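Asks: From Swiss-Prot, here are the annotated features:
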type: DOMAIN; residues: 11-197; note: domain 'RNase H type-2'
type: BINDING; residues: D17, E18, D109; note: divalent metal cation binding site
Amino acid sequence: MSTNFIYPNAHLIAGVDEVGRGPLVGAVVTAAVILAPNNPIEGLADSKKLSEKKRLLLAEEIKAKALCWSLGRAEPEEIDRLNILHATMLAMQRAVAGLNIQPDFVLVDGNRIPTLPMPAQAVIKGDSLVAEISAASILAKVARDQEMAELDVQYPEYGFAKHKGYPTKLHFEKLEQFGATPFHRKSFAPVKKILGL
């Protein structure tokens with residue numbers, strides 16, 4: 001991890017990250033992780049920079065070694081009702097609330113922080129700078145990819161396992177061909193257009 005980031009002076013620090021703000025389908029998934037200082041995990045990095053195999057291995061190690069971890073989510077209906085930013089903040093609040101040890105301080109990837117009952121700080125590129133945020137990004141990514149694999153079994157014609165719900169050429173073609181599933185985000189412009197909303 002880079003040394004430019006100065007950790008807050010706190011005993012229990014949770015890292016929080018989200019996956020799935022951009023896709024047209026499925027929940028936005030967040031994770032909160034408090035790492036054990038005496039049980040380091042080698043190879044933590046931004047989940048987007050790791051191979052799927054490495055992510056899966058690290059996710060198991062994080063779950064085994066972290067002091068505690070929790071996932072949060074906001075469903076497509078919530079995203080449509082609140083908008084993606086507010087739904088993401090809600091999912092982050094849920095991840096932090098789900099921790100069975102309350103952190104003293106929360107570090108959140110990006111430039112915005114949700115309202116939390118403890119001090120928090122946003123960290124730009126936090127998934128590359130802060131071990132706790134990297135761990136959260138890995139857990140959230142693995143969980144969301146698993147959900148997309150399950151959705152792919154339910155709706156094999158859409159190719160969800162390939163594009164993970166992101167707005168790719170293939171996804172647009174399948175939307176045109178088959179219409180939207182109940183899991184598509186109806187407030188997102190390409191889906192809205194297909195549904196004629």
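Positions of Cβ are set from backbone N, Cα and C atoms, glycine also.
Fair warning: this is a prediction, and the values are worked out from it, not measured in the lab.
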Asks: Determine which residues of the same chain, besides D17, E18, D109, have their CB within 8 A of the center of the CB atoms at the recorded divalent metal cation site, and list them by sequence.
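Replies: Residues close to the divalent metal cation site, other than D17, E18, D109: V16, V19, T30, A31, M92, V108, G110, G126, D127, I133, A136, S137, A140.
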Asks: How many neighbouring Cβ atoms, not counting its own, are there within 10 Å of the Cβ of D109 (divalent metal cation binding site)?
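Replies: Result for D109 (divalent metal cation binding site): 27 neighbouring Cβ atoms inside 10 Å.
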Asks: Taking only same-chain residues 6+ apart in sequence, whose CB is under 8 Å from that of D17 (divalent metal cation binding site), what do you get?
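Replies: Listed in sequence order: T30, A31, S47, V108, D109, G126, D127, I133, A136, S137, A140.
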Asks: Tell me the Cβ neighbour count for E18 (divalent metal cation binding site), meaning other Cβ atoms within 10 Å of its Cβ, over all protein chains shown.
Replies: 27
